Amino acid sequence: MALSEFLQFLISGLTVGFIYGAVALGFTVIYNASHVVNFAQGEFVMLGGMFTVFGISLGLPYLVAAILAIALTALIGVLLYEFAIRPARGAPVFALIIITIGASILIRGLAQVAFGTSFFSLPSLAGDTPINIAGAVAQPQSIVVVVGTLAMVGLLALMMRRTMIGKALIAASNDLVASQLVGINVRMIVAMSFAISAVLAAVAGILITPISLVSYDIGVLLALKAFAAVMLGGMGKPAGALIGGILVGVGEAMTAGYISTDYKDAAAFVIILVVLCAFPNGLFGSEHHERV
Amino acid sequence: MSVFDTVQRVVGNRLSLILIGAMLLVLPLLMTSSFQMRLAVVVWVYAMAAIGLNLLMGFAGQVSLGHAGFFGIGAYSVALGPSQLGLSPALSLPAGIAFCGLLALLLGRPILKLKGHYLAVATLGLGMLIFMILSNEVELTGGPDGMRVPRVVIMGWKVKGTETWYWITGIALLISVWLALNLINSPTGLALRAIHDSEVAASVLGVDVARYKLIVFVISACFASAAGGLLALYNGHITPGVSDFLVSVQLVTMVVLGGMGSVGGSLVGAALIIILPQFLTVMHEYEHAFLGLIMILTMVFMRSGIVPSISKAIRSRRHDSNS
C-alpha cells in the first residue's frame, strides 16, 4: 500500500516534472543566446494550451489547432524580442527583469480579456483508460507528456548539432561578439531562441492541458517552478534544466502527498530559497567570477 | 561634493516636504466627492510602500518582487493582533511593523547574498509564500474570504471616516518622506549609493555591503508593512489579495515609473498607477494588460522614470539659458 502510494506520487510528479523541464529548457535556450531571463516563459505555456482549446472550439481538427497554436506562440515570442527586449539591449539586469515581467502581465491581461477566467481542458491524446502500474494508476496522457517532451528535447538536440541555425545558436551562446565577427546574424539568432523557447513552452502547454487544465493565470507559477528547475540544474545547462524540472515536479508531488496539498506550490519556492542560499550556482553550476 | 550641492540638497529636501505638505492641505479643498478622498487615502498608503521599496531599488540597487508580502503581513497584523493576542488595533500596527522588520532581518541575510535574476526570483518566491500562508491558514486568517479589522479607538474616540483617514495617512506619508530623505542624506545613504554604483568598489572603500543592504531591506519591509497596516485599518476588512504577486508588481511599477532614486517620484508613480485605471473605466478589464504595457514602455523609453527625466530636462534648459 505504502509503495503503491509512493509510486502514485512519483508518477504524477514525473508528469508535471517533464513539463517544468521543458519550460526550464526554454529558459535556458533564451538565456544562453542573450543572457535574458524571460519571466514571460510561463505565459507561453498558457498560450499554447489556450490557442489549441480555441482552435478546436472553432471546429479545427486537433492537430491543425495545435500546430497553429505553436506557430502563433512562436510568433508572439519573436514579437516580444523585437518590440520589448531588443530595444532595451545593453540595459541593466533590473530593466530586463521588469520588461519581461511586464510582458508576462501584459500577455496574461490580454488573455484574461480574450479567453475569460475559466478553466479549459483538452481531450487526452491516448484515451481515458487508466493504466495500472503495480497498484498505482497512471493516466495515459502522462505517457504522452513524457514521450512528447523527450521527443521534443531530442529534436532540439539534433537541431543544435546538425543545422546551421543550431550551430550559430551554440556559437552565439559561447561568444556573442566573436560570432558576430564570423558573420552570424545575432539579431536573427536571438529572435530564433525566443521562437524555439516559445515552441517548447507551447508544446508543453498542449501536452499538459488534458491533465492540469489551462486558465489565463497559470503562467506565473509555472515560470517560477521552471526557474526553480533552472536553479537546480545550473543556469544555462540544458540537461540540468530537464533534470531540475523533474526534481521540482517530484518534490512538489511528494509535498502534496505526504505533507499538504495546500502547500504543494510552496515546494518549488523552498527549493529555490534553499538552493539559492546553499549553492548559489546551482547543483551542477560552475563557479562564476564577477569581473570588475 | 561641493558645499553648494549640500546646501541645495538640504533646501531641496525641505522644499519637497513643504510641497507635499501643501498638497495635503490644498487637495481636500479641490475634491468634490468622498470617492476622490478615498482614492487619495489609497494613493498615500501605496506611496508609502513605494517609497520604502525605492530605498531598496533606487538607492541600494536591489530588486524585490515580493514586497506585497510585507504589505500583507502589516495588513494582517492589525487584524490578527486584536483577535489572537488581544492587542488594541492601534498597538497592533507598530507590533506588526516590528514583526515584519524582524522577519526581513532573518530572511534578508541569506536572500540578499543573491544578485540580479536570482534575487528577483527569491523575493518573488518569498512574496508568494506569504500569500499562500495567508490564503491557506483558514482558521487563523479566514482564508480567501479574508477577515474583519476592528476599528481603532483612541481614548474613547472612534477613528473612522474617510476624511479622518485622509489626514492620518497623509501625515504618515509625510513622515515616511521625511524619514526616507533623512536616510538618503545620512552616511548610510551615501554607503547605499556607493553600493548601487558598484558593490565591489564600495567594499574596497570599506563599506560593509551585506550589512547596509540588510539595513535598507529591513527598513523597506517596515515601510511596506506600515502601509499595509494603515490600509487595513482604513478599509476595516482585508483579504489575502493585498499580498498578491500583482501588488508586488504594482509597487515595482510605481517605483520605476516615478523614477528610481526619487522619493517624490514614488509618490507620482503611486498616484498614476492608482488613479489612471479610474479614468480608463472603459478599459477597466484591460487594467492588468495596461500595467504590463506601462512597465515595458517605461523601461524601453524612459528608464530613469518621470520625475528624474523632467528635472533633468528643466536643469538642461536652465543650463542652456545661462550659457
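Here the Cβ of each residue, glycine as well, is placed from N, Cα and C on the backbone.
Note that TrEMBL annotation is computational and uncurated.
Note that the structure is predicted; figures quoted are calculated from it, not measured.
Here is what TrEMBL records for this protein:
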type: TRANSMEM; residues: B:12-31; note: transmembrane segment
type: TRANSMEM; residues: B:43-65; note: transmembrane segment
type: TRANSMEM; residues: B:85-106; note: transmembrane segment
type: TRANSMEM; residues: B:118-135; note: transmembrane segment
type: TRANSMEM; residues: B:165-184; note: transmembrane segment
type: TRANSMEM; residues: B:214-234; note: transmembrane segment
type: TRANSMEM; residues: B:254-276; note: transmembrane segment
type: TRANSMEM; residues: B:288-306; note: transmembrane segment
**Report entry** Other parts of the chain folded back onto the transmembrane segment (B:118-135), taken as Cβ under 8 Å at six or more residues beyond its ends
**Finding:** 62-70, 72-73, 76, 107, 111-112, 141, 143-144, 240, 243-245, 248
Query raised in the report: Which one of these stretches, B:43-65, B:165-184, B:214-234, B:254-276, B:288-306, has the most C-beta pairs shorter than 8 Å to the transmembrane segment (B:12-31)?
Result: B:165-184
Query raised in the report: Is it true that the transmembrane segment (B:214-234) and the transmembrane segment (B:288-306) have 3 or more Cβ pairs under 8 Å, skipping pairs fewer than 6 apart in sequence?
Result: no
Requested in this report: Please work out whether the transmembrane segment (B:43-65) lies in contact with the transmembrane segment (B:254-276), by counting C-beta pairs under 8 angstroms that are 6 or more apart in sequence and asking whether there are at least 3.
Outcome: yes
Query raised in the report: Restricting to the same chain and to residues at least six past its boundaries, which positions have a Cβ under 8 Å from a Cβ of the transmembrane segment (B:288-306)?
Result: 246, 249-250, 252-253, 255-260, 262, 265, 268-269, 272-273, 276-277, 280, 312
